[in-house]
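Beneath this line is the structure, given in structure tokens, with notes to follow.
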Amino acid sequence: MASLGDIGLSAAINLLSAFVFLVAFAILRIQPINDRVYFPKWYMKGLRSSPLHSRAFVGKFVNLDFTSYVKFLNWMPAALQMPEPELIDHAGLDSAVYLRIYLLGLKIFVPIAFLAFSVMVPVNWTNNTLARSNLTYSSIDKLSISNIPLGSNRFWTHLVMAYAFTFWTCYILKREYEVVATMRLHFLASQRRRPDQFTVIVRNVPPDADESVSELVEHFFLVNHPDHYLTHQVVYNAKKLSSLVAKKKKMQNWLDYYQLKHSRNQSARPTKRTGFLGLCGSKVDAMEFYITEIDKLSKDIELEREKVVQNPKSIMPAAFVSFRTRWGAAVCAQTQQTKNPTIWLTEWAPEPRDVYWDNMAIPYVSLTIRRLIIFVAFFFLTFFFMIPIAFVQSLANIEGIEKAAPFLKPFIEINFIKSLIQGFLPGIALKLFLIFLPTILMIMSRFEGFISLSGLERRAATRYYIFQFINVFLGSIITGSAFQQLDKFINQSANQIPKTVGVSIPMKATFFITYIMVDGWAGCAGEILRLKPLIFFHLKNFFLVKTDKDREEAMDPGTIGFNTGEPQIQLYFLLGLVYAVVTPFLLPYIIVFFGFAYVVYRHQIINVYNQEYESAAAFWPDVHGRIIFALVISQLLLMGLMSTKEAANSTPLLIALPVLTIWFHIFCKGRYEPAFIKHPLQEAMMKDTLERAREPNFNLKEFLQNAYIHPVFKGDEDNDSEVMSEGWEQEPAVVQTKRQSRRSTPLPSKHSGSVSPSSHSLHES
């Protein structure tokens, strides 16, 4: 077992690592050559220009202003200066609310830590239970519940603290839920006009022998939403077209490069070889070669585009349907369209940036099968991943290393090396094994068929949290192989599981403290250093960058990574709530993480990350639900632990805690969650009325007509989108059809220049 000295050494190592990372960042960020790596967001907004153009040769690479090195930590106060409303305008509501998760951690755990160290630590420390036993223990164990004798009345302190911590956590959660819900509604109400406010996506359009999907959609909404339907865009399966467009862009980039090269040296035209990777084959004029290739691809793209539009098999039974008002869109998105609940399914359309086009072509009927396959695959991934984790964890300790490599025993027994292994290696080993997990989970989410990037990330985040809970939390607490653990859980009664895990929790406090320091402290410092993007940017800039477009792509900062970041934060909430009563000594480490991470990620959101989409904080119910889950787990495990301590009088009173917590969750779900799922009709009507008064002549149809066209139909050239835009401009003209159901639309269309059949002609027919 590790002592306080070992923990202190581990803390010193991780603090030193974090400090080295921060100093390296402070120096690298002020070098002109790295400006695009550490401030890419301002370049993408067009508010920052490269310092390389206006400096002497040496000054382009090295910052010669030595006063800036003295102020190497000024990025911290600068990161905190931007007010939240300005931050929302700059980075979006998603980013601002994401930062509030870190603040939520501070609001919950700072008062809890103060109370725990004031009350529980003295109660635990003033016992001699461990000293009188023959057990091996550490100094940390003396501060934990393990130092309380069996059947002691002191357990009443832990019971009262469990209630206090639960009530405080629920109070903060309710207040934060209310604030975020208000922020979301205000954001949606005050936001400028966006296509998704007027658009729903309809799926599972039933087939019809007489009409195309486009005609079906038009007729259905003209009949059922006659006063509000404006236009629609069907969904195409354009995967082959996408690959052709991508290939053309690549060729165009090479042409730009050679044209730039020729403009710098007009005495000789650039050449290239036509063979593999340009290393073999005949030598040709590079510009003429790419001009010819681009012309061929343009013709192929045009043919494929016509084929996609004209081929009925390329049209999916789905469409984006836009309305004249937000009110009309809200009614359609939040109601059942027919008596058959399996067809004409409507939901709010993602904003155009949020649409994941690759999944739009997946038939709706296959989604259930896909999700069943992924459920089974995730189950096996979760439990079989325990095998390598258990193996590495067994090696990442003194006994495991000595058993695997006996010749290292004299070296390992040196006090410094021993402390280094116990305080640093387990956390690093676990972190390394989790590197590839997010990619695997995102692939699973894509296969499931989610049609928005936010939906993909939220599902991947849920799975990542489940995986962390089972493998990192439970897997690290319970010893033995994955199959032994699974067999142990299957063959024991459900009420024994909290007991089994609860007994092991105090013994694993040291491991989780080291994990928090490695992953939380050093990890956050490594995040702000951006070592991998820094190296890759300079490698791409030196070897691959040919044009300004290439440089922009090399500078791409990526996003905040909700699918990995939020579940990782939730693991700290889980550890904090579980150990608050059991081993309060862990709480300061979590507080340091939340405070440090808040500053780091605020800086990154302001200067680095590019907002890929805006969901208006739609993820907050997931955040709230996972903290509630962590709270209930902490209560159940405390009940299991207390039941082994012969605290018969106090333990039964803990049963009320999970009941009250679940009731609180149900209350919050009913009170605040609708703001994240539905859009109030009153708010929609108010916004519509204000806009009509301010802009009575605004052409909404023109605003919406290209919003939900597949990106491959929006080429660089103006004529690239002609085929698709024609469909929007002609909607919703009357379509000549054999269907008798057309008679259910007897009135002239209010939405187009054409006229429906008159009632007279209907009677004649």
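Any Cβ shown, glycine's included, is placed from N, Cα and C.
A TrEMBL annotation is a machine prediction, not a hand-curated record.
According to TrEMBL, the feature domain 'CSC1/OSCA1-like N-terminal transmembrane' maps to 8-176.
Look at TrEMBL and you will find 12-30 (among others) tagged as transmembrane segment. Nonlocal intrachain contacts for the transmembrane segment (12-30), taken as residues 6+ away from its ends with a CB within less than 8 angstroms of a stretch CB, comprise 37-39, 63, 68-69, 72-73, 75, 420, 423-424, 517-518, 521-522, 524-526, 528-530, 534, 596.
The transmembrane segment annotation in TrEMBL covers 101-125 (among others).
Residues of the same chain lying 6 or more positions beyond the ends of the transmembrane segment (155-173) and with a Cβ under 8 Å from any Cβ of it are 104, 107-108, 111-112, 115-116, 119-120, 123, 145, 148, 577, 580-581, 624, 627-628, 631, 635, 638, 642, 645, 647, 649-651, 653-654, 657, 660-661, 664, 668. The transmembrane segment feature in TrEMBL is assigned to 155-173 (among others).
Sequence annotations record features per position, and here TrEMBL assigns domain 'CSC1/OSCA1-like cytosolic' to 197-359.
The domain 'CSC1/OSCA1-like 7TM region' annotation in TrEMBL covers 370-642.
Under the heading transmembrane segment, TrEMBL lists 372-396 (among others).
Under the heading transmembrane segment, TrEMBL lists 416-443 (among others).
What TrEMBL lists as transmembrane segment is 464-483 (among others).
Proximity of distant same-chain residues to the transmembrane segment (571-601), defined by a Cβ-Cβ separation under 8 Å and at least 6 residues beyond the stretch ends, is recorded for 11, 18, 76, 79-80, 98-99, 102-103, 105-106, 108-110, 112-113, 116-117, 120-121, 140, 143-145, 158, 161-162, 165, 169, 465, 468-469, 472-473, 505-506, 509, 512-513, 516-517, 520-521, 524-525, 527-528, 560, 565, 626-627, 630-631, 633-634, 637-638, 641. Look at TrEMBL and you will find 571-601 (among others) tagged as transmembrane segment.
Among the features that TrEMBL reports, transmembrane segment is placed at 627-644 (among others).
For the transmembrane segment (650-668), same-chain residues at least 6 beyond its ends with a Cβ under 8 Å from one of its own Cβ atoms are 155-156, 158-159, 162-163, 166, 170, 173-174, 177, 624-625, 628, 631-632, 635-636, 638-639, 642-643. What TrEMBL records for 650-668 (among others) is transmembrane segment.
Under the heading region 'Disordered', TrEMBL lists 718-765.
TrEMBL lists 749-765 with the feature compositional bias 'Low complexity'.
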To what whole number does the mean pLDDT across the domain 'CSC1/OSCA1-like cytosolic' (197-359) round?
87
For the transmembrane segment (627-644), could you work out the same-chain residues 6 or more beyond its ends whose Cβ comes under 8 Å from its Cβ atoms?
104, 145, 155, 158-159, 162, 166, 169-170, 173, 469, 497-503, 505-506, 570, 573-574, 577-578, 580-582, 650-651, 654-655, 657-658, 661-662, 664-665
